[in-house]
Amino acid sequence: MLGNKLSISDLKDIKNKKVLVRVDFNVPIENGIIKDTNRITATLPTINHLKKEGASKIILISHCGRPDGLRNEKYTLKPVAETLKGLLGEEVLFLNDCVGKEVEDKINAAKENSVILLENLRFHIEEEGKGVDANGNKVKANKEDVEKFQNDLTKLADVFINDAFGTAHRAHSSMVGVKLNVKASGFLMKKELEYFSKALENPQRPLLAILGGAKVSDKIQLIKNLLDKVDRMIIGGGMAYTFKKVLNNMKIGTSLFDEAGSKIVGEIMEKAKAKNVQIFLPVDFKIADNFDNNANTKFVTDEEGIPDNWMGLDAGPKSIENYKDVILTSKTVIWNGPQGVFEMPNFAKGSIECLNLVVEVTKKGAITIVGGGDTASLVEQQNKKNEISHVSTGGGASLELLEGKELPGVLALSNK
């Protein structure tokens, strides 16, 4: 499914066409200043390609924040137009709405080959289909209005390109409702689909999944789906304590214990056995007497267990040593979830050592993919983004793909 979608590279005839590009400019803006421009920079290859191919107008649409279907200047995309202007080295026309006669007229009047940024899609309740009214009450958009909004977006251009992988799991109007004949992925979306297709549909083996995160119950769907695909699985992070307590009757002190998740541990291990998947769990832990970077700490083995009133906050050195061979002999690695509370420097070592091993196996030619969210933040923090095959830009979207779900924004693209 992922590999057979039309992409921007397949489009031969863009010259003199108006192109509508759904991008992800959901960036943190404080007092009109953009705090992180990564998502804007990431769209430049798609925009520059369309300019080079002679597109008549390049019309960018995006959401930003959660204005809930109401106009809210806090979430205006105007500052993004300024940043984009600096990055492209040319004027970017900003329009203060994203649909309607005035927008259509201004697009048509704009100069050839120009870049136009429209205002936040989510200022219209029809984008998400729900929001709040002026009094803060929850409201739903009616079907006719949603249909009209989608038709109004469709009217703006001749070709549609979706480059917003981070929103691909949302069936919002701009993701699934543009009714143009040609709907292709941009370079960002294309790269995401290619890497996930390599890992999930046609992997080089052995295929390893490294999972972390707090709750087993949040990751059940993920674990079950990956057990159908992988050869090996490392289960670490907060959810490891639930596994260790259930499987080894280990004392876990005040470490995270997921009551609901604990009931499924047996079933997960049964499935792993049936599917011939090796499961690796930590065997030692860095523990603390408080959830605090400056807490007292010590290392314990799983045999010793964690004393009362202490909690496990990172994997210990023996665990990482055990993972070394597992990681370095894998040909494909999917990593979703850190091994400890890496946000606190004293409990980051397990995750950082794990990252270094993933970097090492990438150098040996393995394909390595980091799902969005916390693990991507860790890679960013350690400045290792260029040393991993692919760091996903979509937390929720990549998680749903790994869970085996189809993404509405991807399904809506044209097939090759």
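Backbone N, Cα and C define each Cβ position, glycine as well.
What you are looking at is a predicted structure, and each value in this text was computed from that prediction instead of being measured.
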One of ASP68, ASP97, ASP374 listed by Swiss-Prot as binding Mg(2+) at the site of ALA214, ASP218:
ASP374
I need the nearest neighbour of GLY65 ((2R)-3-phosphoglycerate binding site) among the binding-site residues LYS219, GLY312, PHE342, ASP374, using C-alpha distances.
ASP374
Residue among binding-site residues GLY213, LYS215, LYS219, GLY237, GLU343 with Cα closest to the Cα of ASN38 ((2R)-3-phosphoglycerate binding site):
GLU343
Largest CA-to-CA spread of ADP binders GLY213, GLY237, PHE342, angstrom:
11
My understanding is the cutoff is Cβ-Cβ under 8 Å with a sequence separation of 6 or more in the same chain; which residues meet that for LYS215 (AMP binding site)?
GLY238, MET239, LEU256, ASP258, GLY261
Secondary structure at GLY312 (AMP binding site) (DSSP, helix/strand/coil)?
strand
